[in-house]
């Protein structure tokens, strides 16, 4: 039996309205809205405005991170949402971003991170193996 420690969604959003992803203030509000909507826990954040267009930003979460990098001149945004614990929060954060940006096309990759064995008896396998060596 195995369990997954985290879920990572990488999304390429195409056909996004220029104005929604050009200014750092809007990009920051987008990610902070996703964090709130998904009930995630923000630790810190950093955002940057590019000249002449585009923005980038990351929010460090207790659960991991959420980030964006934009090319408004191409109507493109690269989104990264990775959380540990409940998968539903990862999907909820991405849902908020997609509903807000309304892209014409989405290319999404989903990866389960940290697939580890589960020992239902609660026995520490590592200690047992060390004792046998």
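Backbone N, Cα and C atoms are what each Cβ position is placed from, and that goes for glycine too.
A quick note: this is a predicted structure, and the numbers were derived from the prediction, not measured.
Annotated active site, schiff-base intermediate with substrate per Swiss-Prot: 64, in sequence order, evidence recorded as sequence analysis. Mapped onto three states, the DSSP output places residue 64 (active site, schiff-base intermediate with substrate) in strand. Counting every protein chain shown, the number of other Cβ atoms lying within 10 Å of the Cβ of residue 64 (active site, schiff-base intermediate with substrate) is 20.
Per Swiss-Prot, the feature active site, proton acceptor maps to 69. Of all Cβ atoms in the shown protein chains, 18 besides its own fall within 10 Å of the Cβ of residue 69 (active site, proton acceptor).
Per Swiss-Prot, active site, proton donor is recorded for 84. For residue 84 (active site, proton donor), other Cβ atoms within 10 Å of its Cβ number 18.
Per Swiss-Prot, the feature pyruvic acid (Ser) maps to 64.
According to its DSSP assignment, residue 84 (active site, proton donor) is in a strand. Counting in whole angstrom, residue 69 (active site, proton acceptor) lies 22 from residue 84 (active site, proton donor) by their C-alpha atoms.
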